[in-house]
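TrEMBL annotations:
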TRANSMEM  134-158  transmembrane segment
DOMAIN    135-393  domain 'Ion transport'
TRANSMEM  192-210  transmembrane segment
TRANSMEM  231-251  transmembrane segment
TRANSMEM  257-275  transmembrane segment
TRANSMEM  296-318  transmembrane segment
TRANSMEM  359-381  transmembrane segment
Amino acid sequence: IGNTVLHILVLQPNKTFACHMYSLILSYDRNKEGPGSLELIPNNEGLTPFKLAGVEGNTVMFKYFMQKRKHNLWSFGPLTTVLYDLTEIDSWADDQSFLELIVSTKKREARQILDLTPVKELVNLKWNMYGRPYFCFLALFYILYMVCFTMCCVYRPLKPRTGNKTSSRDNTIYVQKMLQESYITYEDELRLVGELITVIGAVVILILEIPDILRVGAAKYFGQTILGGPFHIIVITYACMILVTMVMRLTSTTGEVVPMSFALVLGWCNVMYFARGFQMLGPFTIMIQKMIFGDLMRFCWLMAVVILGFASAFYIIFQTENPENLGQFYNYPMSLFTTFELFLTIIDGPANYDVDLPFMYSVVYFAFAIIATLLMLNLLIAMMGDTHWRVAHERDELWRAQVVATTVMLERKLPRCLWPRSGICGREYGLGDRWYLRVEDRVDPNKHKMMRYTAAFKVQDRDNCDKGLEKLEINRDVLYKKELSAFSLSRSTSKASSHHGWEILRRNT
């Protein structure tokens, strides 16, 4: 019951009341330091009160928890060294990491905890010492891997075509080799080494990604921009395309160019994932993700309807014409592709003015130009501009959250020998087996003086106002006296308040 009450207090809107009641309940806890402590009992979702405060973005309760967990090591003038307990904060050897919970929650207030002590110092320590070097090495390794795969695709086994052409539009001069013909020469053996590296890399990608999908869940894993959701979809699809290409190569099935083309596009697009490690490029990738999976996805539905309607109309108009003179709409799939190019203004109107054009072509093309070019493209630009304005206010905050997510991911994937635990063991200071983070804080004395002056002004104003209210209650029956006392009260309050404040300033000087 006590643990349930603690979780309820974390969710209370009155933070000050919740902190006092939290301390009161813990004062009756018999197992304050043991494993049976109320603070260490999780709820049905596996969240302790501390982790629940992080998920809900309750910064007041988080600061209250950290005040309880810190130990002042020494103080000398404005310098203070504090040891913060990293229990439940550090993601090292924790299946449900506090940092991962913060970056995966949908509440924006939770990301403000990343700027608080000691979370900010812990993330900076992990990222600067281990995260950034490992991430840069991983980015370089992935680029070299993609170069290897690209070279294997460029020099894939082809042979001249021997069969006769079946159509005047047939333009194929090379065909794919059979498996027995693909690995004969020394160049083929070199390509085989690159293909083996490519396949092994695809298998490793699947082995690393699938356990995280099972642990987190597909909806959260692919739906969170901070966790790299779109890029996870890209890299898994890329690995699957590599395996499909391998099966088609082993079975000598024609058409391997389809999965190979998809793999090339997806693999190189995944390079943008590594931009999150750089402050100059990271926020722009966030902007691209928001626009692609927000505005562009909605716009594509409208674009598909327009293209489908006008492509059908163009195909019907040119259905009776000679395709040798007007070949852009010679069949229905080509009509769809040509209309798509017209929609994006990639090409001009595909018309041969050496022959007579159907009258309806001019009418339909005029309507298409008005709807597609003038209306819908400008609508897309306006939508993206609005998204850019909204995301620009929080893109740096999202980038910092991405850095935290990347740090947690690297710490979870890499062996323990490559990523030692951060902080100081408490046994060095007689604090048990817990780990602590040492933070040096500098207190500005001028700031504290100004805070004292401000508090003095506020206290004096409050006392004078209380006295004035008592006078107003006594003279409530007489309207004239009430107005007169209020007027004199405002003047006396300001005079007494300013006089008291200036006396403080004179004494301190």
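Heads up, the Cβ atoms here are built off N, Cα and C, so glycines get one too.
Most Cβ pairs within less than 8 Å of the transmembrane segment (359-381), among stretches 231-251, 257-275, 296-318, belong to 296-318. Remote same-chain residues near the transmembrane segment (134-158) are listed as 174-177, 181-183, 187-188, 191, 194-195, 197-198, 201, 242, 256, 260, 263-264, 267-268, 270-271, 274, 277, 406, 410, 414, 418-419 (criterion: CB distance under 8 Å, separation of at least six residues from the stretch ends). Residues belonging to the domain 'Ion transport' (135-393) score a mean pLDDT of 82 in the model. Nonlocal intrachain contacts for the transmembrane segment (192-210), taken as residues 6+ away from its ends with a CB within less than 8 angstroms of a stretch CB, comprise 145, 148-149, 151-152, 183, 232, 235-236, 238-240, 242-243, 246, 249, 413.
Long-range contacts of the transmembrane segment (231-251) within the same chain: residues 149, 179, 182, 195, 198-199, 201-203, 205-206, 209, 221-222, 259-260, 262-263, 266-267, 269-270, 272-273, each at least 6 residues beyond the stretch ends and with a Cβ under 8 Å from a Cβ of the stretch.
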